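> For reference, the structure I am asking about is given below.
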Amino acid sequence: MRFSMRQWRKLVLAAILAWALLFLGLLSYFLDNRVEEPLTPAGSLVSQHSDTRRLTSIQSSQQQQQPVPGLRSEQGLNSIRTSHGNQPEAGVLSSSETPGNMVNHIPSSSPYQTYGSQEANHQNDLDPQSLAAWSSFGTQNVDSNFNIASQHRERASQSIFSNNVEDEELPNEISPLVERRADADNVVQHMWRGTVSSGMLSPRLKRAMNDYINANKHHVSYQRHRKVARSAKELLCQMKNQSQLRTVDGSEQPFSSLGWADFVPLVPLQRWNKQRGGRSFRTCAVVSSAGAILHSGLGKEIDSHDAVLRFNAAPTEGYEQDVGTKTTIRIINSQILANPKHEFKTSSIYKNITLVAWDPAPYTLNLDEWFASPDYDLFGPYVEHRKNHAEQLFYILHPSYLWQLWDLIQSNTQEKIQPNPPSSGFIGILTMMALCDKLHVYEYIPSMRQTDLCHYHENYYDAACTLGAYHPLIYEKNLIRRINLGSEKDLLKKGRVTLPGFSTLTCGA
C-alpha cells in the first residue's frame with residue numbers, strides 16, 4: 001500500500017510538471033506572437049498593416065480638414081482641364097477631389113486601403129482625441145507590456161558590445177541571446193548576411209506583400225532579364241549606368257503648357273552639388289528615421305559630413321546626440337506637402353535646405369494621368385512654394401527615375417517584388433550616390449539596436465517599417481548590403497553602411 005502511494009505521488013508531481021511546461025510553452029508562444037503583431041485597438045485609426053506610406057486615418061479624418069491651398073485651385077493649373085481637352089476618365093480621380101474622397105475610388109478589398117500606400121508619421125495624422133485613445137491602447141504601456149522582446153534585444157546587444165567583441169567574431173558568431181529573437185529579428189540577421197528572402201517574413205507581412213503584388217495598382221509589367229549573381233562591382237556599375245537622376249523640369253506635357261519651366265530651379269538637381277565653388281561633396285551622410293538610431297550617440301559623426309540627407313518630417317531638435325543637427329537636403333513624399341498636419345508651410349525643418357519631393361506615378365510614365373491623379377496632390381503646394389520661396393532649391397523627382405530604381409531592384413531579385421516604388425530611403429541613397437564622392441548610410445540596415453519602433457521621433461511599433469509591405473524593403477536592403485564597403489562591425493554596432501559615389505567608379509558603357 002505504501003509503495004502504491006509513492007507511485008501516486010510521483011504521478012501527481014509528473015502531471016504538475018507537465019502542465020507547468022505546457023503553460024510556459026504557451027506563454028512564450030503568445031508573447032512571441034504579440035511582438036510580431038503591431039498593437040492596435042479595435043476601431044483604431046491606425047491601419048491593420050500600417051506600412052511606410054498612407055495612413056488610414058486619412059480615410060476618416062481628412063474629410064474634416066480644409067483643402068490645401070495651392071495653385072491647383074487657381075486659374076493657371078485649372079487650365080489643364082480645358083487646354084488639353086482631357087477630362088479624367090471614369091475611375092480616374094479628379095485633382096479637385098480631397099484625399100478623403102480618394103479612398104472611395106479604391107475597392108474595399110484593395111491592399112492600398114487596407115494596408116496603406118505612403119510613408120508617413122503614424123501619430124501626427126491623428127487628431128488629439130483619437131491619438132489619446134489610440135495611445136492608451138497602443139503605446140503608453142509599450143515599455144512595460146508590448147515590447148518585452150525589444151527590451152530583451154536591447155539588453156542582449158548591450159551585453160555583446162560591453163564585452164568588446166572582436167571584429168572578426170561579429171559576423172560569424174552571433175550571441176545565443178540574439179539568436180533567440182523573434183521572427184522579425186531573424187530576418188534582420190539574414191539581412192546582415194545578405195541572404196534575406198520573403199519566405200522568412202511573418203505570415204502577416206507575406207500576406208500584405210502578396211496582396212500588393214496581386215493588386216498591382218501602378219500596372220507594372222516587368223519583362224526584362226533577371227541576374228541575381230552580380231558581383232558588388234557589377235551591381236555598382238549597373239546602378240550608375242541605369243539610374244539616371246532626373247527631376248520634373250517643365251519641358252514635358254502637361255507641365256510645359258502650364259509654364260512650369262518658370263517655376264523649377266534653374267540649377268538641375270544633377271548639378272546641385274557643384275554650387276560650392278564648383279566642388280562636389282566629398283562625404284555625405286544619409287540618416288534614416290528608424291527607431292534603432294536612438295541611443296546611438298552618432299550625432300557628432302553625422303554632423304562631420306559635408307552634406308546630410310534626412311527624410312520626411314524627421315526632426316533633429318531633442319535628438320541631437322543621436323542624429324546630429326545638420327541638414328543639407330531633405331527628401332519628402334507627397335503626403336508631407338498635401339497633409340496640413342505636417343505643417344509644410346510653416347515648420348522650420350523644411351526651411352533653408354534643399355527639398356526633393358516624390359509621388360508614385362503609373363509604370364507607363366503617363367504624366368497626364370499622374371498630374372490628374374497623384375497619390376497625394378503635391379503639384380499645387382509645390383508651385384505655391386516656388387512662387388513664395390524662389391530662392392530655395394526645391395525639386396520633384398521624375399517618375400522615370402523612381403521606376404528605374406524599381407527595375408534595378410527587380411532585375412537583381414529572383415522573386416517577384418512588390419510593384420510599388422522603392423522607399424524614400426532607397427531613393428535617397430541612390431540620389432546621394434549620384435551627388436557625393438563617399439556615402440555613409442545610418443540605420444537603413446538596422447544595427448544590433450534593431451527595434452520594431454518605426455521612427456525615432458514617434459511611439460509606434462510595427463515590423464513592417466523595417467521589413468516592408470508596400471515597399472520592397474527587404475530587397476532594397478539586400479542590394480545595399482551587397483555593395484557595402486564598410487566593416488561588419490560598423491554595420492552591426494553603428495548600423496552604418498559605406499558606399500562609393502558614382503563619380504568614383506570606373507565602369508564600361
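The backbone N, Cα and C atoms fix where each Cβ goes, and this holds for glycine too.
Heads up, here are the entries from Swiss-Prot:
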- 75-86: compositional bias 'Polar residues' (COMPBIAS)
- 93-123: compositional bias 'Polar residues' (COMPBIAS)
- Cys237-Cys507: disulfide bond (DISULFID)
- Cys284-Cys436: disulfide bond (DISULFID)
- Cys454-Cys465: disulfide bond (DISULFID)
- Asn241: N-linked glycosylation site (CARBOHYD)
- Asn352: N-linked glycosylation site (CARBOHYD)
- 42-123: region 'Disordered' (REGION)
- 1-10: topological domain 'Cytoplasmic' (TOPO_DOM)
- 32-509: topological domain 'Lumenal' (TOPO_DOM)
- 11-31: transmembrane segment (TRANSMEM)
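Tell me what's around each of these sites.
Secondary structure at Cys507 (disulfide bond), as computed by DSSP, is coil. Its Cβ placed at the centre, Cys507 (disulfide bond) has 13 other Cβ atoms within 10 Å.
Cβ neighbour count for Cys436 (disulfide bond): 27 (other Cβ atoms within 10 Å of its Cβ, all protein chains included). Mapped onto three states, the DSSP output places Cys436 (disulfide bond) in strand.
In the three-state DSSP scheme, Cys454 (disulfide bond) falls into the coil class.
Asn241 (N-linked glycosylation site): 13 other CB atoms within 10 A of its CB, across all protein chains.
Within the same chain, residues at least 6 positions away in sequence whose Cβ sits under 8 Å from that of Asn352 (N-linked glycosylation site) are Gln392.
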> Within its own chain, what residues at least 6 apart in sequence put their Cβ under 8 Å from the Cβ of Cys237 (disulfide bond), listed in sequence order?
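The list for Cys237 (disulfide bond) reads Leu505, Cys507, Gly508, given in order along the sequence.
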> Using only C-alpha positions, which one of Asn241, Cys284, Cys436 is spatially nearest Cys454 (disulfide bond)? These are the recorded positions in the record.
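That would be Cys284, nearest by Cα distance.
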> Could you tell me which three-state DSSP class Asn352 (N-linked glycosylation site) falls into?
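DSSP call for Asn352 (N-linked glycosylation site): coil, neither helix nor strand.
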> Using Cβ atoms only, which residues of the same chain lie under 8 Å from Cys284 (disulfide bond) while being at least 6 residues apart in sequence?
His305, Asp306, Ala307, Val308, Leu309, Met432, Leu435, Cys436, Lys438, Leu439, His440, Gly501
> What Cα-Cα separation, expressed in whole Å, is found between Asn241 (N-linked glycosylation site) and Cys465 (disulfide bond)?
30
